[in-house]
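A.B. asks: Copied straight from TrEMBL:
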DOMAIN    22-31  domain 'Uroporphyrinogen decarboxylase (URO-D)'
BINDING   R27, Q28, A29, G30, R31, D77, Y154, T209, H327  substrate binding site
SITE      D77  site 'Transition state stabilizer'
DOMAIN    142-158  domain 'Uroporphyrinogen decarboxylase (URO-D)'
Amino acid sequence: MVPLKNDRFLRALMGESVDVTPVWMMRQAGRYLPEYRATREKAGDFMSLCQSPELACEVTLQPLRRYAFDAAILFSDILTIPDAMGLGLYFSTGEGPRFRKTVRNQQDVAALPIPDMGSDLKYVTDAVSLIRRELNGSVPLIGFSGSPWTLATYMIEGSGSKDFRHAKALMYNQPEVMHALLDKLASAVTVYLNAQIEAGAQAVQIFDTWGGILTTPAYEAFSLSYMRKIISGLHKESEGRPVPVIVFTKNGGLWLESIAASGANCVGLDWTIEIGQARARIGDKVSLQGNMDPAILYSSPASIRAEVARILESFGSGNGHVFNLGHGITPHVDPDNVSAFVDAVHELSASYHR
Ligand code: CP3
């Protein structure tokens, strides 16, 4: 493998010194970019885009041609695992993800196969290898997965949900069935992330998008404990470097201390928490990623710059900050505003790293 030219993202995740604060964006490849929309048009549908290593590689690289991001993220989706378990994922226009089959009882859970990396999900590891080759050491590549709890919500509901009625009913009525499902998912996610690491992912992020809908004890029992289990089973090193793990629980601000103690190297923050307060609560034990409100990108370059300055000031001097949005970029953002964002992070952060 060629040596990494820009490793500030990996260094910041490990709490090491950097020249400027590294930055990337959740959903950095996506519909706000006209070139993404063109490639997606060519692919036909979203899953064909994910399943073609060449096209997945192309859209992964698109944002890096425009912006000075310090990391690339594999273009794929968290729902590839339930799809590989036979649930039949599809995307109907304007409605988000849907499954042909749902998982609602003990029999459904027992019938779920553990996906095979060598066949069912080979398109993901093939994409990782190809992206690494094309990146040619310019920036590191992030692999990812959904958390078991977040994957379970989609598998049980059969789609996105506002109230998570079926998932929560199953959790409260038959916790043992929910645990059996989460346990299976934790095994699948561990194998999946390790396969991405073996194929060349240099850091991994676990997206726990729906952990924040749980009560405090339910978050511990049904979400965090399975993420902890996954982290303990991940390869700690690859290519002679640590492979840092980022845990992002949306709306997880109440539980920062326990997330920081999960074994993760970095806690992803949404925009509702003040990053300086998060740092004061968990100290320098782990690094922090975040946390600008993605909606700021609808404003002007001047307001974006001011908000970047405010967040850098709130975090303060020292190591362990990866700049990001507090959740994914949305489709209606003007691509020029993203340049203003990325450039502001690099320009304004230098004085915090002297
Ligand atoms: O960050 C990146 O650039 C990597 C790519 C990525 C996608 N999805 C591409 C995508 C990542 C990391 C994800 C994760 C994902 N997928 C999550 C967790 C992160 C989060 O945002 O909370 C979730 C919950 C999903 C499930 C999912 N996939 C939903 C709800 C949707 C529909 C979203 C929408 O706005 O319609 C998807 C589709 C999807 N995944 C798109 C992209 C770029 C849009 C598909 C399109 O082109 O129409």
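Glycine is no exception: its Cβ is also placed from the backbone N, Cα and C atoms.
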A.B. asks: Near the domain 'Uroporphyrinogen decarboxylase (URO-D)' (22-31), which same-chain residues lie under 8 Å Cβ to Cβ, leaving out any that are not at least 6 residues past its ends?
C.D. replies: 8-9, 11-12, 37, 40, 59-60, 62-63, 67, 69-73, 75, 142, 248, 322-325, 327-329, 331, 338, 341-342, 345-346
A.B. asks: Taking the Cβ of each of the binding-site residues and counting other Cβ atoms inside 10 Å, which one has the highest number: R27, R31, H327?
C.D. replies: H327
A.B. asks: Cβ under 6 Å from ligand 1: which of the recorded positions R27, A29, D77, Y154 qualify?
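C.D. replies: So the answer is R27, A29, D77.
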A.B. asks: Express the predicted model's confidence over the domain 'Uroporphyrinogen decarboxylase (URO-D)' (22-31) as a mean pLDDT, rounded to an integer.
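C.D. replies: Result for the domain 'Uroporphyrinogen decarboxylase (URO-D)' (22-31): average pLDDT 97.
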A.B. asks: Any idea which of the recorded positions A29, D77, Y154 has the thinnest Cβ neighbourhood at 10 Å?
C.D. replies: D77
A.B. asks: Do you know offhand how many angstrom separate D77 (site 'Transition state stabilizer') and A29 (substrate binding site) by C-alpha?
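C.D. replies: Cα-Cα distance, D77 (site 'Transition state stabilizer') to A29 (substrate binding site): 12 Å.
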A.B. asks: Using DSSP, break the domain 'Uroporphyrinogen decarboxylase (URO-D)' (142-158) down into helix, strand and coil residues and give each count.
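C.D. replies: Taking each residue of the domain 'Uroporphyrinogen decarboxylase (URO-D)' (142-158) in turn, the totals are 10 helix, 5 strand, 2 coil.
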A.B. asks: For the domain 'Uroporphyrinogen decarboxylase (URO-D)' (22-31), DSSP counts of helix, strand and coil?
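C.D. replies: Residue counts in helix, strand and coil order: 0 helix, 1 strand, 9 coil.
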